[in-house]
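Q: Just passing along the structure, written as structure tokens.
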Amino acid sequence: MATRTRLARLWPLSKPSALPLIRPYHSYDHPPPPGPFNPTESSILEAAIPHIPTHGFTHTTLSIGASDAGYIAASTNLFPNGAFSLVHYHLYTQRLALAKHQHIISPPPREGEKPIGIGGKVKALTWERLMGNKEIIHRWQEALALIAQPSHLPTAISELSSLSDEIWFLSGDTSVDTSWYTKRASLSAIYAATELFMTTDKSPNFDDTRDFLDRRFKDVQIVGGTMGSVTQWAGFTATAALNVLRSKGVRI
Amino acid sequence: MALYTSSKHAKFLATGLPIYDFLAPSLLQASRASLQIRHLTKAKRYHSAAASNEKHDKSPSQPSRNPRSGADAASNPPPLKKPLTQAQRDFLTSALRVNQAGELAATLIYAAQTPPIISSHPHLRPLMKHMYDQEATHFSTFNALMAKHRIRPTAMYPLWTLAASALGWGTAIMGREAAMACTEAVETEIGGHYNGQVRVLLEMAEQMEKNGDDIGDELKDLIETIRRIRDEELEHLDHAVEHDAKQAVPHELLTGVIRAGCKGAIWVSERV
Ligand SMILES: [Fe+2]
Ligand SMILES: [Fe+2]
């Protein structure tokens, strides 16, 4: 019996998925599991990325990438998801690139200046991620059309939640209570809305996008603040009521 | 991985493991002596399982257990070792998640029990405080591990918060014996649960060693931490029995229901 239960425990509890996007158990002793792309795929996709501004998220870009990387153009057969692989690769590499922004993640301490808090880091990293779309933003609506296909949607949603998780983690957030969920959900919503706004932004240096993003963060602060005080108030009232009864000699 | 789950291998490991990592009911009687034994065997077992690491007596407050900042993690890439398998990572994830949920519940149970209990039995104040403090340390240990390893907390967090407070308060209202019976039931389940985890982790370590992989300090520390916490849970169980948990009426029904509840909560927290 003991053997059987233990064996059962060694089977993965979650169904093994083809795309190990959500990486459980981040180890510091052991290297991370392989990413979603093998070396050949990565080299073709990497070579294709510079052609997106001209040719978009299309099969043409993929073929050009394959020939640039030294493969025959037919190697695009490697990608059963076709042009969506370009979208996925962009999302994946841009997410991992966030860790390079060391000036935000661990800025050198400056004299007489308050160090940037977790919230500030979240905002700054979200902005950096949006700026990762700068070169391809005029093509992003093509990508959104690919993302909206039912077979691609799970991957894209999973990438979005991984992005939120990455930003909160890099910002140094360590909360592991219910707020873990609300933080990631609200950041995902803010990011998705701002990214969509950015596709139509014609202002210099994306100033309008910046304002839009700031307003979204403010909205969440107001909602989050209210929610927090309601829970606090409920807890306080319950404790106060118990204490009144206790002072009256009720043994509760 | 195939070796790892083959039943033949598991059977060998199951019989080859020393008895003291199983929760034997006879250990529960003589509390001090049994704790002594557990501590002695702990050290011995450790050195046979993990090649050598003399300065291993780490307290949970040491920096190695604190979550590393993203910066730190990014600038010091991990050494070249084999990645953990999907099954291993899944096990570690659900193990830490359920442990955090359990310690959350434990802190809340003791916090809810304390006011009614000490108002009728003031002499129990130090004991209740001692047990609460230990649970609070366990909780913060697992919180830190969750943040460090980027593990999602259980989605049932708000539900467990409510259920645990209600259980603690309800049993305390029923009296000292019922409160102690609650502790007895909860700690029996938790002790057994931690024992199960230690067994799986030791199998994992043994398997990795056999394959010539370095299991690394991270897993060694985790095994030690869970062992230490398990011993403290069993200590709580001893305290509960010393304070007439068995005199609670109806003892079997009460502990039976609470233990079934714990099992259910563990099952759910491992999955969602
Ligand atoms: Fe505990
Ligand atoms: Fe305990």
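The chain as shown is numbered from 1 upward.
Glycine too: its Cβ is placed from the backbone N, Cα and C atoms.
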Q: Which single residue out of B:GLU184, B:GLU187 does TrEMBL record at the Fe cation 2 site shared with B:GLU135, B:GLU233, B:HIS236?
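A: For the Fe cation 2 site that includes B:GLU135, B:GLU233, B:HIS236, TrEMBL also lists B:GLU187.
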Q: From B:GLU103, B:GLU177, B:GLU270, grab the residue that TrEMBL records in the same Fe cation 1 site as B:GLU135, B:HIS138, B:GLU233.
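A: Answer, per TrEMBL (Fe cation 1 site with B:GLU135, B:HIS138, B:GLU233), from B:GLU103, B:GLU177, B:GLU270: B:GLU103.
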Q: Could you tally the C-beta atoms, other than its own, that fall within 10 angstroms of the C-beta of B:GLU233 (Fe cation 1 binding site)?
A: 27
Q: In Å, rounded, how far does the Cα of B:GLU103 (Fe cation 1 binding site) sit from the Cα of B:HIS236 (Fe cation 2 binding site)?
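A: Just about 13 Å between their Cα atoms.
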Q: Can you give me the residues near the recorded Fe cation 1 site, meaning same chain, not B:GLU103, B:GLU135, B:HIS138, B:GLU233 themselves, Cβ no more than 8 Å from the center of the site's Cβ atoms?
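A: For the Fe cation 1 site, the extra neighbours are B:GLY102, B:ALA106, B:THR107, B:GLN134, B:THR137, B:PHE139, B:ILE190, B:ILE229, B:GLU232.
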Q: Using CB under 6 Å from any atom of ligand 1, narrow the binding-site residues B:HIS138, B:GLU187, B:HIS236 to the ones that qualify.
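A: Checked binding-site residues vs ligand 1; flagged B:HIS138.
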Q: May I ask which of the binding-site residues B:GLU135, B:HIS138, B:GLU233 is closest to B:GLU187 (Fe cation 2 binding site) if we compare their C-alpha atoms?
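A: Of the binding-site residues B:GLU135, B:HIS138, B:GLU233, B:GLU233 has its Cα closest to that of B:GLU187 (Fe cation 2 binding site).
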